[in-house]
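Taken from Swiss-Prot, the feature topological domain 'Extracellular' applies to 1-7, 62-88, 151-183, 256-264. What Swiss-Prot lists as transmembrane segment is 8-28, 41-61, 89-109, 130-150, 184-204, 235-255, 265-285. Positions annotated as topological domain 'Cytoplasmic' by Swiss-Prot: 29-40, 110-129, 205-234, 286-307. Taken from Swiss-Prot, the feature N-linked glycosylation site applies to ASN167.
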Amino acid sequence: MQAALTAFFMLLFSLLSLLGIAANGFIVLVLGREWLRYGRLLPLDMILISLGASRFCLQLVGTVHNFYYSAQKVEYSGGLGRQFFHLHWHFLNSATFWFCSWLSVLFCVKIANITHPTFLWLKWRFPGWVPWLLLGSVLISFIITLLFFWVNYPAYQEFLIRKFSVNMTYKWNTRIETYYFPSLKLVIWSIPFSVFLVSIMLLINSLRRHTQRMQHNGHSLQDPSTQAHTRALKSLISFLILYALSFLSLIIDATKFISMQNDFYWPWQIAVYLCISVHPFILIFSNLKLRSVFSQLLLLARGFWVA
């Protein structure tokens, strides 16, 4: 029975990963084609293509890691493959967190109806900062990755020089990750999460007040403008829930509370990668350009299937 449940959750994780890879790859291909065609991208498209690319790679790396680790537990735990994975995973995950934060800030300054002078100044200046913020996010993520590598490297150096046993290396490495990394990761990931939370809550509150004002002025729930604001609210709330779930799951995952040997490992991995697999579809259906191309592909697929 336990083996059947494990196989079920592994299959579910595989399907979720394939959907996430396909959706993020779709975003990158569509916006990349536009970039090649026109030689430039709008600030929103810059963030979307960066977010799609980082999520695509993160989902791919995570999927390969999980299945390779499940097949080669002993060799992988004590070898350099684990270090190689963590380098890529920390870099991509940090970049993804920052890109999500800048996406929420851009949504906030473009949509929120706030008349404070500082916000109006930010509304005017922020779109021009987007390329530099994205570049800075990549640089920060690279520095953070080097920091994790610098902290974790001695265990692998001792393994190579003194030829420690696999078990001792694994225990040493696990001790470092259990007692040092969680607090460090909490501090590092809390910065983009705080930026995201402030901007998304400001935007949700602004849209909520605007929707209530429209209803108070006689607009019905069936009014197109009211429906548009309601859809935007639902999309933002979904983004907030998925991002918060991703943040909490990554913090818990950093404590190594659920190991590969745990019965809940595969359900937990589904929770960890849920945001980067599901949120791309929310972005596709809420973006006119992406939704249009996606609808065309569905029509082509339907015509091919009927033929």
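Every residue gets a Cβ built from N, Cα and C, even glycine.
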With an 8 Å cut-off on Cβ pairs and a sequence gap of 6 or more, do the transmembrane segment (265-285) and the transmembrane segment (8-28) reach 3 or more such pairs? yes
Could you break down the residues of the topological domain 'Cytoplasmic' (29-40) into DSSP helix, strand and coil, giving a count for each? 10 helix, 0 strand, 2 coil
For the transmembrane segment (8-28), give me same-chain residues lying six or more residues beyond its boundaries with a C-beta closer than 8 angstroms to one of its C-beta atoms, as numbers and ranges. 48-49, 51-53, 55-56, 59-60, 62-63, 66, 70, 266-267, 269-270, 273-274, 276-278, 280-281, 283-284, 290, 293-294
Out of 41-61, 89-109, 235-255, which stretch touches the transmembrane segment (184-204) the most, going by CB pairs under 8 Å? 89-109
Who are the long-range neighbours of the transmembrane segment (41-61) in its own chain, taking Cβ under 8 Å and residues 6 or more past its ends? 17, 20-21, 24-28, 31-32, 34-35, 85, 88-89, 92-93, 95-96, 99-100, 102-103, 106, 110, 126-128, 130-131, 134, 273, 276-277, 280, 283, 287, 289-290
Sequence-distant residues near the topological domain 'Cytoplasmic' (29-40) by C-beta distance (under 8 Å, 6 or more away from its ends) are 48-49, 52, 289-290, 293
Which bits of the chain, at least 6 residues beyond where the topological domain 'Cytoplasmic' (110-129) starts or stops, bring a Cβ under 8 A of a Cβ in it? 43-44, 202-203, 206-207, 209-210, 232
Sequence-remote contacts (6 or more beyond its ends) of the topological domain 'Cytoplasmic' (286-307), Cβ cut-off under 8 Å? 26-27, 30-31, 34, 45, 48, 231-232, 235
